[in-house]
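This report concerns only the one structure given below.
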């Protein structure tokens, strides 16, 4: 079966091709071979065939097959990981779209203008009253918030934001009140029993009391018994000294000295400043504001002079005075104040005046009330007055002391580091409560015994027995 050609030539091939008696050679001669193909007969034949069909009106040779269509490109196979993530990505896009829609709805609710109110028939006076605060939004529990979908969570967040920015929200004033309370807080009930000064805590109070007592301020143990502050009895009977001229001399120039009931001596200076002196000397009765000045003063009653000048071998009781004296050899101390009687020089005018009164002056304004002795200074009179007081022997060491200072001296024996109380059998550096109670009972009994006979007869103890016939309690020591 022959194929159908697009040409109209249905004759045998040779006459159609123009093959006569000349044969194929004549056909080849009618079409000259192309240039460059003389060496390849197959290509020459194909070229001649294509030229022949082109001259006959055919697009291509009927012997050539139709070209195959180009291959259709195939989509690459999806990877397994992307296939698995497709549902997740789709769900995320849906949730994001839902959240955006919920936020837009909440914003529309917040920014929506209020609906026009209907005509009210209420009295206009009632409208002037302030509106009641709106009820608080319902609280959402934590489990419910966790279980809510993303869209519901966005709605809850938008509602919370609307409640926060509501115009009827109130401002808390509790922190401001607490700050004002802190600023106006009082110092507290920590008051010194000696000078009535207030402190904000117990530590500052104990540190302040150490100035009066001379003890180191330390932390009080929580289980320790707190004893009241005890004032030495000697401070209650410091003699009020005055000269014949009504308290002249030092007291008149620099102020006055007053004994107070709470214990101690209050000295008023010329500038009006009050200085409380709670530490008295056992030898002369002079009072000082702290233990340091008291101990330094006690050196004046001793004959020991441990400090010696390396230049002139002069000895001193105090190191500061020796150092001051050494400076005079080097010319470092300027002494412009000279004594007109002996030519001695002084660096301060008060030192010169004191020297003139004590050495060269014949005036003795400070006179003793119990004898005819007179003194140039108040300190000399105070040291002399102690001699007239009744001496009381110490039952521990036998030392004769004034009755006004025997209580201070007993502290050396009763509050020493090696003291053991005979009542409680404990070694302590503080006053034993049992010993203090026994001493108070003994003092009360001694006062009753020393009372007049008429008063003793009117008193009666238990069961009608006179007090004077009752046995006295034993001494605590």
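Cβ coordinates come from backbone N, Cα and C, glycine included.
As annotated by Swiss-Prot, region 'Disordered' applies to 59-78 (among others).
The region 'Disordered' feature in Swiss-Prot is assigned to 121-144 (among others).
Marked as compositional bias 'Pro residues' by Swiss-Prot: 130-140.
The zinc finger annotation in Swiss-Prot covers 190-212 (among others). Helix, strand and coil counts from DSSP across the zinc finger (190-212) read 11 helix, 4 strand, 8 coil.
Among the features that Swiss-Prot reports, zinc finger is placed at 279-301 (among others).
As a summary of secondary structure, the zinc finger (307-329) carries 11 helix, 4 strand, 8 coil according to DSSP. The feature zinc finger is assigned by Swiss-Prot to 307-329 (among others), with sequence analysis given as support.
The zinc finger annotation in Swiss-Prot covers 337-360 (among others) and is backed by sequence analysis. On the 0 to 100 pLDDT scale, the model's mean across the zinc finger (337-360) is 86.
In sequence order, 376 constitute the residues six or more apart from residue 361 (phosphoserine) in its chain with CB-CB distances below 8 Å. Residues or ranges marked as phosphoserine in Swiss-Prot: 361.
As annotated by Swiss-Prot, zinc finger applies to 366-388 (among others), with the evidence given as sequence analysis. The helix, strand and coil residue counts that DSSP assigns across the zinc finger (366-388) are 11 helix, 4 strand, 8 coil.
Feature annotation from Swiss-Prot assigns zinc finger to 392-413 (among others); the stated evidence is sequence analysis.
Secondary structure of the zinc finger (279-301) per DSSP (helix as H, G, I; strand as E, B; remaining residues coil): 11 helix, 4 strand, 8 coil.
For the recorded site, residue 361 (phosphoserine), the DSSP three-state label reads coil.
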